[in-house]
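For reference, the structure discussed in these notes is given below.
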Amino acid sequence: MMKKNRWFWLVAIIGLGLDQLTKYITVQSFETIGDTFGLWPGVFHLTYVINTGAAFSFFKGGAVWLRWLSLAVSLGLIFLGWYAPRMRIVEQLGYGFILAGALGNGIDRFLFGYVVDFLDFRLINFPVFNLADTFINIGIFFLLLASFPPKSSSQKNTSQ
């Protein structure tokens, strides 16, 4: 069954691994919450923060219901990847990235009650975020691409 939507599973597993690894490295590398390291001072820093809300600290303090939302989304996507007919590659990538992000942040919420964030773009004063947040946005982008119908072979021939 996993062969059917292999890009979905591959992206989800690798993405989840990268997300959890980078969060672990962040926690082990910084002594206290709020510590920062400027990779490109004033532009991009690694900053250790915890987030009890959703992406960009929306719904701050909503960890209880957010953990269940993460679980529901994750289970729904696992069900989709396992039982749905073979998806187009762009759909597999989209759903796989979203699953990686939902699982990554969901694991944190269930284990710790918060999510570890560390990617800090200061040039544009953007909220600190993590790879799971990035993966969810990449997944949405792929699903938006997938929403455009593929060109049929007759359309391809007439546009040349």
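Cβ coordinates come from backbone N, Cα and C, glycine included.
From a predicted model like this one, the values you see are computed outputs, not experimental measurements.
So that you can see what the record holds, here are the features copied from Swiss-Prot:
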- 7-27: transmembrane segment (TRANSMEM)
- 39-59: transmembrane segment (TRANSMEM)
- 62-82: transmembrane segment (TRANSMEM)
- 96-116: transmembrane segment (TRANSMEM)
- ASP117: active site (ACT_SITE)
- 126-146: transmembrane segment (TRANSMEM)
- ASP133: active site (ACT_SITE)
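Between the transmembrane segment (7-27) and the stretches 62-82, 96-116, 126-146, it is 96-116 that has the most C-beta pairs under 8 angstroms. DSSP classifies ASP133 (active site) as helix under the three-state reduction. Annotation note: ASP117 (active site) sits in a strand segment as assigned by DSSP.
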